[in-house]
Structures are given as C-alpha cells and as structure tokens.
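Student: Take this structure, written in structure tokens, and hold onto it; I'll ask about it next.
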Amino acid sequence: MVSTWRTRVVLVGFCCFAVITIFVNKHVLSNLHFTYPTIFQSWQTGTAALVILSMSTLGYTNLNVMSVNRTVLVSWLPASVLFSAMIYSGSVALSRLPVPVFCAIHYISIIVQILLESLLFKKDLPINSQFSLIVTALAVVMVAATDTQFDQIGYKWMMIHCTFSVETDMILCHNGLVAAACHASGQLLQCPNTSDQQSAVWHHSDIFEAAYVLYGNSLRKNSLSDLDKMFCNAVTSVILLMTISVTTGELFRLIEFPYLYSSSFHLWCMTSGLCGTALSVCHGFLLGTDLSHSIAKITSFNRVAISLLSLFIFDMSPSANMAVRFVSYKFTKLVCKLNAVSIGDV
C-alpha cells in the first residue's frame, strides 16, 4: 500500500513538473528572449547533475557511476551525445514555436518510432494502429498548415529535435525492445559467444537492425542504473554544450542580455533547472513501476493540458480554423491512446 500511494504522488509530481517546466522554459526563451540555448541547457543539465550528486552524497540515492568500468561509460557515450543534441534542438524549437504547435508536432517522433520498430521486428501493424498513424500524420500537417505564426526555422529545429528524440527514446526508454529485436533476428541472444552473435547479425538482411541489436545488446550488459545514466547524460551535456558556447562565442555574448543581473531572471532559471531535474527523476521512478507501460498515455494527457493552458498564458492568437483542427487532433490522440494504440502495444 505504501508503494501505491508513493507511486501516485510521483505520478502527480510528474504531471505538474511537466507543465511547469514547459511553461517556465517558454517564458525564459520567448518572453525574456534568452536566445542562448547552449547556456540555458547547460544550466539545466548542470543543475540536474548537481542535484543527483548531492542526493547521492546525502544518502538519499545510490550513484555508482564513479565505480563503473570505463568501458561501460564509453559504451553509453553515444546515447549521452544524442540526449545533448535532443535537448538543444528542442530548446531552439520551443523558443520559436507556440507551445500547442510544439506539442503537436512532437508526435512526429512517435510516428517515426513506431514505423522503425515495426521494421526492426518485421511485424505488421494492426489496422487500428495504421489508422491512428494516418490520422496523426494528417493532423500534424493540418496544424502546421494553419499555424498563424509559422516559423520555418522553428519547424526545421523541431524536425531535428524529433529525429534525435526518436533515437534517444529507443535507447533510454525501450531497452526491452532489444530482446524483441534479437528474437526477431533469430534468437541472437542465445549465441554462445560474441563472434557467433556478430556473424548471425550480419547474415541478417537489414543492416540497420543489425546495428541496433548489437549496440542495444552492449547496453544491456552494462551495469549503469537509470540514475547513473541520467547523471552521465547531464555531465556529458554540460561539457558538450559549454564547449560549443565557447567556440561559437555565445558565452561571451551573454553579457549583452538585458536581464542578466535581474533577480527574477535568476529565479526563473533556478525554477527551470530544479523542475526539469524533478521531472527526470519522476520519469525514471515511474519506469520502474507498474505504470511504465502507461507513460505514453500519461504524456498525451500532459500535452493536452499543456497545450490548452498555454492558450491562456501565452500570446498565441490562433485562428478559429487552426483551433478547431488542433482540438480535434488532440481529442483523436486521446481516443487512440485510451484504446491502447501506443508504442508499447504496436
């Protein structure tokens, strides 16, 4: 019973932190015009790393990354780089796109992920899943076509964000899919040694599936916990993004920001970093509970709430045509999710 109420509290926290994080980030990036994404994301990920390290030092969590073999850390490095690219591109896209449009276009990543996984597993999609994908794709196109504040650069960055989001999500959140991919490739996990396994993989006709299976299988063998992975992602992001900010001169242009010494700006940034960290921790906790298979549905409800609330908080002024199509699109997605048409069920 204790674990049940604790899970519910974390679930409520996950939903609340998701709303707060998006709104605070949008306010800092758009309303305050903080156009320094490398620095902003470095701050957020740096805060996450500091919080996780502090919790481990105080004994609230168990962080084992310091004692992990260097080879294991190197094997996780590509995932951390993808994560850094995902949050950077998402920050740029959010700064240029209205919140409802950002949430709606993000479903492209779900479409791509379902198609990729169906190809990897050689599994035909059910009719209702195909219908859901078609409706989702058409709705995304209609939302973009009727966007009264269409920003071509913002949409380009959103496409980049969705691309990296697919790769990151398949690595971070769907490690169990590796076993299924191996099963679809001929029970590769049962190969007696690495050379036999590689031989079996490369005899498969799909080179992309082979790469996914090999890399995914190497991740399954490492000893990194979810918290360790989160910490590695945060530290790697700080190093990469700060290096980029120095080489591009973005760090030195920061002094031109008019609110640099404003206490309210510092408060917004602090809130963004802490809420983003709490959101990641809650997400990791939920993945280890019975609600792990319902994350997609919960995220859909969050996006609907975020999109509708943003209409009253931010200056968007959508046309009636766009608003009707947008609400219809969101309603369709909810119906599809409630009928278990999700990534985990395809």
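Cβ coordinates come from backbone N, Cα and C, glycine included.
So TrEMBL lists these for the protein:
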- 9-28: transmembrane segment (TRANSMEM)
- 40-60: transmembrane segment (TRANSMEM)
- 72-91: transmembrane segment (TRANSMEM)
- 97-119: transmembrane segment (TRANSMEM)
- 131-150: transmembrane segment (TRANSMEM)
- 234-255: transmembrane segment (TRANSMEM)
- 267-286: transmembrane segment (TRANSMEM)
- 306-324: transmembrane segment (TRANSMEM)
Student: Relative to the transmembrane segment (72-91), which of 40-60, 97-119, 234-255, 267-286 accounts for the most Cβ pairs at distances under 8 Å?
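Tutor: The stretch with the most close Cβ contacts to the transmembrane segment (72-91) is 234-255.
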Student: Which range wins on Cβ pairs under 8 Å with the transmembrane segment (234-255): 9-28, 40-60, 131-150?
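Tutor: It is 40-60 that shares the most Cβ pairs under 8 Å with the transmembrane segment (234-255).
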Student: If you count every Cβ pair below 8 Å, which range out of 40-60, 97-119, 267-286 shares the most with the transmembrane segment (9-28)?
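Tutor: Comparing 40-60, 97-119, 267-286 against the transmembrane segment (9-28), the winner is 267-286.
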Student: List, by number or range, the same-chain residues at least 6 past the transmembrane segment (267-286) whose CB is under 8 A from its CB atoms?
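Tutor: For the transmembrane segment (267-286), the nonlocal Cβ contacts are 7, 10-11, 13-14, 17-18, 20-21, 24-25, 27-28, 32, 40, 43-44, 46-48, 51-52, 226-227, 230, 292, 295, 298.
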Student: Taking a Cβ cut-off under 8 Å, which residues six or more beyond the ends of the transmembrane segment (40-60) line up next to it in the same chain?
Tutor: 25, 28-29, 34, 84, 87-88, 91, 227, 230-231, 233-235, 237-238, 241-242, 245, 269-270, 272-274, 276-277, 280-281
